[in-house]
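S.K.: Here it is, the structure in full.
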Amino acid sequence: MKIKFLLVLGGILCFSCTKNDAEIAYQPVFLTVEQPSNFPEIVYNLENNPVTEAGFQLGKSLFYEGKLSANNAIPCAFCHEQAFAFTHHGHTVSHGVNGGIGTRNAQPMQNLAYQGEFMWDGAATHLDFQPVIPITSELEMGETVSNVVSKLQADSYYQNQFKMAFEDGEINSENLLKALSQFMVMMVSSNSTYDKYVREEEQVTLTQVELDGLATFNNKCASCHATDLFTDHSFRNNGLSINPRLNDVGRFAVFENPDDIYKFKVPSLRNIAVTAPYMHDGRFATLEAVMDFYDSGMVDNGNVDAILQREDGTLGITLSSYEKESIIAFLNTLTDNEFLTDERFSEF
């Protein structure tokens, strides 16, 4: 009887192990990254890192995971809040571990699959490597990638999640970064009022003020804020006065090319109505202040982009009061409330 009981018990245990193994096996369900008809082609190489449901969910968990920081309390989401297009709402620059204050405004996280360079200075040239910068920055997350991996390896939840997300099931730096990318490439913002208007969806129309703003924008702003991504991905010096506290030299810090001094990446204007404050150092609290700056606030810091120089030699983009008002009205049509509230990207 005792032998029979042990055999039965052993069978139950074996069955249980088999069932659990099956539950955490790599059985990929592939997801498609959205390609809106009014967008350019995707830049990110999805063949090297195809998005799966398990990989996406793992990336999402990691995005909201405090273990990526030195004090286990600062996740990526700390500086990237969904309701504000994944920016650090109301903060001029990012905050980090131990009260650290960063040097730059947290950029929106949207349409990253369509970009090839990241950060205000383009220091990251691949989305997979971009998270390494904030993770290892002493002013942001203050951790090492190897320590992050060790913490995840000791966590039973992530042991299972990595097994479901990757064929080798390994918790290592490559899979960590690939999982984050699988989450980030899915963050497509393409359903604003403007998008529905240009795609002729849902009988959406723009008001006359918004149409006037669109016309002025195309005439005076779209050289840099190009395509329906509203950026040409270039790096330009736009005539900001030097912030003495930061003395941020921009792209010059990456390549030490004198031509790059004070150049910063042209940001996308999507969801701009909810991503204040503005510029790389968050110096402007409102869009009205941004309009006034381009009209009459630029300074010659020695390397201002030629596109911002008027025929009479002065700097700026001449804008009437109505043009400023109408441009802002148009920019408000770029808010994608579906993206800002999409539960796929929410923590809970």
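Placed from the backbone N, Cα and C atoms, the Cβ positions cover glycine too.
Sharing the record's features from TrEMBL:
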type    : residues         : note
BINDING : C76, C79, H80    : heme c 1 binding site
BINDING : C221, C224, H225 : heme c 2 binding site
DOMAIN  : 208-335          : domain 'Cytochrome c'
S.K.: Using all protein chains in view, find how many other C-beta atoms are within 10 Å of the C-beta of H225 (heme c 2 binding site).
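M.R.: H225 (heme c 2 binding site): 19 neighbouring Cβ atoms within 10 Å.
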S.K.: Cα distance, C224 (heme c 2 binding site) to H80 (heme c 1 binding site), nearest Å?
M.R.: 25
S.K.: Taking 8 Å from the centroid of the Cβ atoms of C221, C224, H225 as the cut-off, which other residues in that chain fall inside it around the heme c 2 site?
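M.R.: Counting only non-site residues, the set is F217, A222, S223, A226, F230, T231, D232, V266, L269.
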S.K.: Here are some binding-site residues: C76, C221, C224. Which one has the most Cβ atoms within 10 Å of its Cβ?
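M.R.: The residue with the densest Cβ neighbourhood is C76.
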S.K.: Give me the CA-CA distance between C224 (heme c 2 binding site) and C79 (heme c 1 binding site), in Å, as a whole number.
M.R.: 26
S.K.: For the C-alpha pair, I'd like the distance in angstrom between H225 (heme c 2 binding site) and C76 (heme c 1 binding site), rounded off.
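M.R.: Counting only the Cα atoms, the answer is 27 Å.
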S.K.: Just name the winner among C79, H80 (the binding-site residues) by count of other CB atoms within 10 A of its CB.
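M.R.: Counting Cβ neighbours within 10 Å, the top one is C79.
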S.K.: Within the domain 'Cytochrome c' (208-335) only, compute the mean pLDDT.
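M.R.: Reported value for the domain 'Cytochrome c' (208-335) is a mean pLDDT of 98.
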S.K.: Quick check for the class: what is the C-alpha distance, in angstrom and rounded, between C221 (heme c 2 binding site) and C79 (heme c 1 binding site)?
M.R.: 28
S.K.: Does DSSP put H225 (heme c 2 binding site) in a helix, in a strand, or in coil?
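M.R.: In the DSSP reduction, H225 (heme c 2 binding site) maps to coil.
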S.K.: Other than C76, C79, H80 themselves, what residues in this chain have Cβ atoms within 8 Å of the centroid of the heme c 1 site's Cβ atoms?
M.R.: F63, P75, A77, F78, E81, F86, H88, S94, A106, M109, P134
